[in-house]
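*Asks:* Have a look at this one.
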Amino acid sequence: MTMTANKNSSITHGTGGTKAPRETLSRSQSVSPPPVLYPPRSPIYPLSDSETSACRYPSHSKSQVLLKDRHSRNPSLLGQDPSPETSPPICTLKATSFSYLDRTPSLRKREDQKETVQGAVQDVEGVAACLPLAQSTPFLGAGSRSVLLSCTGTRAHSLGIREKISAWEGRREASPRMSLCGEKREGPGSEWSVSEGCPSVGCPSVVPSPCSSEKTFDFKGLRRMSRTFSECSYPETEEEAEALPGRDSLYRLEKRPGRTEPSALLRGHGIRKESSAVLSRIQKIEQALKEQPGRGLPQLPSSCYSVDQGRRKTGTLGTLEEPTGTASVSPSSRAGGVAGVAGEAGPPLDREGSASMKSETPGNSSSPQLLPPKSSPDPAVNPVPKPKRTFEYEADKNPKTKPSNGLPPSPTPAAPPPLPSTPAPPVTRRPKKDMRGHRKSQNRKSFEFEDASSLQSLYPSSPTENGTESQPKFGSKSTLEENAYEDIVGGLPKENPYEDVDLKNRRAGRKSQQLSENSLDSLHRMWSPQDRKYNHPPMQLSLKSNSQSLRSGNWSERKSHRLPRLPKRHSHDDMMLLAQLSLPSSPSSLNEDSLSTTSELLSSRRSRRIPKLVQRINSIYNAKRGKKRLKKLSMSSLETASLRDENSESESDSDDRFKAHTQRLVHIQSMLKRAPSYRTLELELLEWQERELFEYFVVVSLKKKPSRNTYLPEVSYQFPKLDRPTKQMREAEERLKAIPQFCFPDAKDWLPVSEYSSETFSFMLTGEDGSRRFGYCRRLLPSGKGPRLPEVYCVISRLGCFGLFSKVLDEVERRRGISAALVYPFMRSLMESPFPAPGKTIKVKTFLPGAGNEVLELRRPMDSRLEHVDFECLFTCLSVRQLIRIFASLLLERRVIFVADKLSTLSSCSHAVVALLYPFSWQHTFIPVLPASMIDIVCCPTPFLVGLLSSSLPKLKELPVEEALMVNLGSDRFIRQMDDEDTLLPRKLQAALEQALERKSELISQDSDSDSDDECNTLNGLVSEVFIRFFVETVGHYSLFLTHSEKGERAFQREAFRKSVASKSIRRFLEVFMESQMFAGFIQDRELRKCRAKGLFEQRVEQYLEELPDTEQSGMNKFLRGLGNKMKFLHKKN
């Protein structure tokens, strides 16, 4: 048996007449497949709004079951509220009679209806037997979707019908728990009525059920069932409808499969059982499609499943609200029986319809919908010739298809679109992208079903003046500006990563491949420390190789696989590539497939970007240290971490080593309290970027003392002149007095010479406030004949760029050789030149007699840290083991003194050792060549790095120097040391550092024929990469612990940063190293910088964070390891 209930039906009553009825429009829900009925031959015309009316009835009226018209626009009729004591008003449709009304008084009708209700069956499982209709039967228009539920009827016609239906019901194998009879009254004007219970006069169609004691029809339950479950019916094609002009056009009902054949009553009305079956219709449609696969869908009439043009212009969808005591049974628009409209009976909703459906609350409608057909090159059958039972929540609905039960998707009025004659084209959002460009990325629900092409235009990136692309505006307000590289943002891949998006087969089983470990871990590093979990991925993503990412319509699946929220700090390189791929960065729109594609693409780009030499260096560190780098830390564990865990003997550390570590920590803290707080060189350069290229240019000459046979250095030429006696000028005069000492640190050893090859060196001046100035010197013999004393050309600048000023000194030397008067105009034009940005070139116009006007181009390199560094000289003077000890002493900011015979050796080795500290900068006193007259500086209690000539060594030994490391560069030995230099660094990292430096020649030769970066193939590049990797291993995770305060300021989480490291030896090293001013200046620089270009270290850090594996132990392994540590500790104590 079948049962349907319509919530959008029209009530039409009228007096007799045989005119063809006018159709009424509504939406209906169905709980079972409706019968397939033949279309009427009479023309069907839709009603206009003026012809439609509706009546409202009280919810407590049990004697009359009526439904209002959903399309009524008559406010006067809608506002009526008749009392239960009076007969309900009758809705008329002009003069046209729609149904036959009983002429008995309304009181008689109510009495008959009460008798009908008494024997009704309460439960609804199956649904109503519908009687055949004549050709002129009303409600059979193609656009009609409603049938009247009424309890009115006459005793005259009901007796014979009761006998016939009783005979038909007697042939059933099982009696349904409840039946609902749609009855057709014979007469000039026919009327449909549905009554409950067998003893009713109005509907003697069903045998009473044992559970028919209740007298009230539960229309609420019927609403709930009809809203929840539905089996859709599919009307016949137009060809079949046209093929039946001569047949009897009675509509007939076909029962569900598994039930008995139609009753004798249906046969009595001339119904053909076999030809009208749903199965036969389906078979014919399938056969027609198989014979002509290219023909596509059969063209449906304009009145099928929708209103025609005249109606569509004025009609609106009915609302979902309905009086409590009303219900309806509706025929399918094409089938004409008691059934709902098929789910695919109509084109996909337009943009407005889709938006209104998304805004619908889950409580409004939980209407099911059909699954989309399997993807195939041929267009899908519309209607699909195979009904399916589905259930979906409202949030899961696909707005591209109509609800299968025909209910309006939302209470918002909207005109249903007509059914197109051809399949709908793929939906593209390109023309509308400007209309919704203002929407925020968090509000992505309306973009769930976008195609990839529209997503690629959501976040267009704009080129900046540097030639790179600016980061789009994402949901989070702040990003990690320190990752704004100028040199690593690559081009967009030519291939489209969304070419293989499967738009239809979204419910098929996922043929998955697991996200690679590196790609998945790279996503971990993009999260904030609070969100990041090192123990497991956020979800075990089951990812398809062919990404079907962006049109996954099942929102409940997406919610169950939701990723953790991305942090405010994204890697700029990741975000730039995401912008290029047009992937949104909001959590609701990054699903697993897009992450798979993006992560693999990111890792592949970065693996290509890492030079082979760097990969070999990294492999050495990985082999020595292992895979585990960071451990899982929650905020509670950071606060309650015990000292026992910090100092447990898990790495064979002895008590003596722990005591030495504690003493070292106390020593560096006490020493740094006495040292002034210096600022980083980078911050100083930021303040001077708008100033001149250099501060002073001086010429220093040796003058003989009158009383002695010795020479003293003096400034013989100065540019510019210090005219105004301001405070800055007085400080500049003090510096000028010290400059000659650094230009001639060995002045007492000089005598006039006839020949001398020019020598270039540099020094650094550190002010009381920590400001630094570089001195670039060229020592040479002036023009003339005979023995003479050399002189030094010196340029004082805040810019640390040795190559640029070497070119300036070459030009000065050339002009000085012609005439000293030519130096002044050149230096003036140079001072008026702008301060060059990294990688930029400035042009200086000069005039030279005999050569005319000239243009001198001065280029500042992108990275000048290795420009004036010669590691070859450093390895010539020192062994690898000695160099690592010196490096460790400098990291802990100890006092270091170099001693050498030559000025150039001291200068080269001092600058090279400081360059090993990159990305950190030495914050304390740094004098590559200390004049003998200033040797007392080595007695100061603060850290320093100074170089002394061998002639000053006897005096040095007499001075009361505190703890310091004295290195003789000529003999490769330590003059004085502290005996713990081998234990300052983590032992595994120290072993990797030593091995990589020992194999430097082998590593360079392996890459000599490769096409990798030329900079890395040099000795300077290799040594720099080896030490950079050391810092990456120790502090490379610092960016994960830079948080933003409410004011937008950055703050570094020191304890969380240190305790996140898995290795205890590295944690102990960090505990001391984090007290240094080098580390403080490094973090301060990262906290204060806004948007600046990054160097090599940030690139290597990003690559390192992608390599981090997920190695958090399980609870049992952690327990066993802790137990082993305790046993070892007790064993050592005993």
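Every residue gets a Cβ built from N, Cα and C, even glycine.
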*Asks:* Of the residue ranges 165-190, 633-658, 1101-1126, which one carries the region 'Disordered' annotation in Swiss-Prot?
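*Replies:* From Swiss-Prot, the annotated region 'Disordered' range turns out to be 633-658.
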*Asks:* Name the residue among Ser48, Ser571, Ser1063 that Swiss-Prot annotates as phosphoserine.
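*Replies:* Matching Ser48, Ser571, Ser1063 against Swiss-Prot annotations yields Ser571.
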*Asks:* Considering the residues Ser158, Ser306, Ser519, Ser542, which is the one that Swiss-Prot annotates as phosphoserine?
*Replies:* Ser542
*Asks:* Just to confirm what the record says: which one of Thr116, Thr479, Thr1043 has phosphothreonine annotated in Swiss-Prot?
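*Replies:* According to Swiss-Prot, the phosphothreonine annotation belongs to Thr479.
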*Asks:* With Swiss-Prot open, pick whichever of Ser32, Ser376, Ser410 is annotated phosphoserine.
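*Replies:* Of the listed residues, Swiss-Prot records phosphoserine for Ser32.
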*Asks:* Looking only at Cβ atoms, how many others are within 10 Å of the one on Ser619 (phosphoserine)?
*Replies:* 12
*Asks:* Using DSSP, tally how many residues of the domain 'cDENN' (865-998) sit in helix, strand and coil.
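*Replies:* Secondary-structure composition of the domain 'cDENN' (865-998): 64 helix, 22 strand, 48 coil.
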*Asks:* Give the residue counts of the domain 'uDENN' (695-843) per reduced DSSP state, in the order helix, strand, coil.
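*Replies:* Looking at the domain 'uDENN' (695-843) with DSSP, the answer is 49 helix, 47 strand, 53 coil.
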